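Features reported for this protein in TrEMBL:
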- C:141, C:143, C:177, C:201, C:396: Mn(2+) binding site (BINDING)
- C:224-313: domain 'Peptidase M20 dimerisation' (DOMAIN)
């Protein structure tokens, strides 16, 4: 049976890999997830049932969403579920209730891909084996693996229902990339009844057959899109008639990077993209920035965000242009519960993985922190664990690839934790 | 006969309008010009015979050039001439020698279009009449008219050879937009034997049936493409490992605009475009600027350019990134010769135009100034005249259009000047 | 008699030179002027009678004013007049009414010195002759000469009353340096009855025995003092607790200099002084700027000033500091009345000076322009003339000195104009 | 005897307090220290014998040094020693050799004051008791206390010679403020024979009768004076002729604060002072900055310093001005040796102080770190301890004052450590 599951995990993973979908557009993926869970006997909660629309961040516009539905339909989405997802609310929650007393244990799985053009190199496995991306996006962070593992976990739970007490909740979240989707699920109350919460990730620098039970050290982060809008004018004829959005942007960039360091801990600022102007001889009337702030704590991130907003406002004022700031992603700090990490570590040790309890060195951001924080605040336990794997290239690289043997291992550890937690 | 010429002028103009070609890519246009001139009895000088390759500025790369040849072949270019133009040296000079003693009189015609998407509005004449651009470029500055007028002038001269003494030189120049092509023709010696030089333009704010014999006031100008290149790095994980090209660019933009004003006259600076970075969470490793300097005199423009180069160099040094500065266009100052303007004014008066001798208010730039300056320096006379027309919309606007009656008028004035000048 | 006047002019000038007083502190000077005019039979208007307090710009504080009174008393001020001047309103207007019908002709004289330490060099005439400044200020722009010439003119008028019709108004203005005092006299109505207005200056690059009847080309100008105020903090211990006024100032300086050039004419911007911070390891909580804007016209200067205020406001906002902007000086554009210039030129020609009618090349600023503008607007005539002299060193230089023969010449031309104008 | 010592400590401390001397100018202080040590039987090493001239940082110029000699002579300096100190090399090392085998134990004492005007408030003890500063400087960081304690320690050692083995080395260092003097003593080899090194400080936030045996957490730091030099010009007449040092400085300030954060730990940047320009209407030809960099480690501080130098160089280049960078102070990181801290803690516990072993929270900088680093590198032990006291106001405040009972306690702990260390 395990070999059969192993094959199915690989099939799932390769299928998702071939049809990558960006955040809030995981319509095909979500329809397959929903269909599989339903067939395995899970109760489904879909789309807006588990997402608060006003809490979505950086959601694509209506046009992009509509045109993606067509792509999804043409590429194997299961029509029956499309109506739930068609406005871009693509979350799926599957609940399996044992109808025996016991805790509620939740597992979070992310499903979205990245706007990266996948390598066409001969030694890139997905290319060799024919499951390279069929569009311009790519699963370059392993969320295809996560989704497959989530379904594998669902299958084991379904087939071993008698070993489970309490309730199992599988949370398939959209738009983890950019920290955009988790908050809408939290705000919809998805973890309000959860006693144990486990998020997991593949890779992240951990070796194959190694395991980190509690990956801490996430930086709180805010992602902002900023747009300055002025007036254009002919640069030779009437320079004084322009309202120069690029001058505002340049002042903003210089000054944003000069936000003072904070004595309480590490902070970060980056303006990652800046695009301004429409022609050499025209005073630029627009400037668009993609930026992010980070802080070792949520308070430090807020300090950065608040200061950044003042700088943007001041820069606009200086050159008399308008500005808009859109919050297109956000994550908070979080730290795993040691008690829960211990249980996961045991599960990993049981199947022979080399495991450590916690790692505090990470410097990335994750919106699973919203789930973790909410569960812990209501007295529950939560953690974010990492399954090691060999990587062909780093995360978000066009040649990113994982070791498929990690699929089965991940499913086993998670299933084992489900049993252990519901039998406490 | 005049009616027939009028019809031919319109046919030519509409044909060129429908097949607009960008600077240094005027292969189809130049092949038709060459063919027409040859049939009218002009001796031809083509491509590198009349262009100094090292003096071309802002020339498209080899790939763009090659792919345009295919377009030109598929859209009516005359194959016989293509070999002369296929490396993007698209100038045509036609010489008609009367074999009688007399001066050499040159007329300059520009042929290139702009990267503007032409209006599809119902009330846009080229759309109504079926000669709207067949590609994504547009003749939005009337160079289609200029080319047609140049050919009309050639025809009248050819048909009235007996009225001409000395030599007539018709200079069809590539890449006037961005001030990129004239210098290469000057440096190839095209006007080294020219006694009288006349450049002309349609429109530019002058009313229909009005004429300006000497349009002065051109600003000297340099167009620069600047590229800063640093190193990328993950903005959360290792901000210190990046070399931030955007910080260099922002410092450059702020400081470029703060180049001191000059007591000797007007100067201009504009960074019209800035594009930097590849992702929100990545330290930006590139920043590309399109900028221009201007000055009321060549000396003032040089002052601006020299200062700008120091700022760019210093900004790169500050953030330890590399930089490249490409000069992609340049024009100098020039002032028409009053003696020649008088003769043109008479020609215009003769056919009933309302004409003025000179206008010094312009604030644009033109590379015809290289021709003018060279001719004047060797003792000749030169001017830049303007034929008024009603415009549907301003120059470089997607709805730009001219009154076709101006075609004939322009040809007449220029032909009349040819007769007058060669009979002095 | 003329030789006696010449000696008196030199005495007056040397006395004023030895006791230089800064703007709004000309208490000793004004008391001597008032006393002299009164003795010559002029009616006096003093201090606030001819100054609108709210229109004074850049006026010293109460402490400086009070302590200067003591200096003035100790150095020969005439006690009787001190009460009129003791709050720093140091203007004197002397009116001589012929009681015959005729126009009102006004002459403006400025009296203030500069905060420059006068040269102690052996070849500096004031040092040789014992009239070098007795304090740390210096008459380095010739206002000592102007005051002496004004008194000389008063004497000739008084002694030749029978040759005058109408009324003569001698306006002794405080605080011309920095363009601070004229507006308060204009706003107090001092020239509301004036038909002809003549301001004059010594030197300014014009040769000895040369004369410019109408010196135009003054730039309109605004002088601003700007102060940013934030919070200090220990730079090592708590950088985040500071509100960094220097960062605001640096952003302001860079962006002020990048205010776009204006197509309508020349503009200027300078931040001439910047002082910020109190210690290497302390986040700077203050930054003080002394700056000025200029424009070829009043409208252009307003454009600069308005833009500058937005930049200052925006820079403060960016770094969350407070700001204050004080207008400490202002001048407008003005152009002399050709009709009046003609009359002055004749007066100059009459005594053998080499004179020209107008010079438009100046690039400085002057608040006499407020008088000129007001007189012209009510239908009168006004001009600003220059008496040439050899200069030992340029204006505002520590070795500035003038040729004392120019004193008599100046008085003669001005007196001649008074006769000519009142006899029209 | 102890009461007598207590009185002497107070006398010494009040005397030094009344005659504060800035770094490298401690001539009076050093002469009294030398005289006292000599009388107590110590061998003396003075001035350049224990200072490497080229390693002094931020040393006052020759004029300031010369004029201070006069002050010192007039205020009680002991003439005999002045020749050693008169070039501003004011270190004193006293060595007492027991001529028995044993380790060399060194104590470092700093002697310099701050350019702070001491409070004249009635409730400021030095004012009440008549030992307020007699000049414009102030011992506002307790170095007067340190010097008194150093002499008290010398006396106890001298009087108890029989209890000491090995050698005692008392290092009286100039110019600790600004981290300027220690390196010159280290480079002169002062601690090349030292086995145990102890620096101590009074106050620093530790309570009275409390003691910290190892105060770690010092940030490595570099102090730079930067000067930009350009050309002045009249801002209205010839703005283009200036080389604007303020524009360079403003660019430097903005960009210095934007040096990227470093993933390896905390960094700091501050431009604490900026002074530029000489008049409102003059293009500023100078700009002077006082700045400092810091890093949690010496490597991090070097990263900041190297980046800062590139920014300064680039900013100068941008505006074509010259620049000078002077290193006027520097400190490295250091961490106390736990073994030595244990011994000190015992000494403190012995006399009833409440003591802790180490404190890692500091965020200041200290050049004692050079001594510590050198001693540890050659295998010795070193620490920096703190004697608590009640403070009337914080360090570097004009009302700073300490509890005089701390004098005796400090001497006792240090003397006890000397006995303990030489008897191991």
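Yeah, the Cβs are placed from backbone N, Cα and C, and that goes for glycine too.
Residue C:143 (Mn(2+) binding site) falls within a helix when secondary structure is assigned with DSSP. The residues of the domain 'Peptidase M20 dimerisation' (C:224-313), classed with DSSP into helix (H, G, I), strand (E, B) and coil, number 31 helix, 32 strand, 27 coil. Per-residue pLDDT, averaged along the domain 'Peptidase M20 dimerisation' (C:224-313), amounts to 96 for this model.
The Cβ neighbour count for residue C:396 (Mn(2+) binding site), using a 10 Å radius over every protein chain in view, is 16. Those residues of the chain, other than C:141, C:143, C:177, C:201, C:396, with a C-beta within 8 angstroms of the mean position of the Mn(2+) site C-beta atoms are C:110, C:112, C:114, C:139, C:140, C:142, C:176, C:395. DSSP assigns residue C:177 (Mn(2+) binding site) to coil in the three-state reduction, placing it in neither a helix nor a strand. The binding-site residues in question are C:141, C:143, C:177, C:201, and the one with the fewest Cβ neighbours inside 10 Å is C:177.
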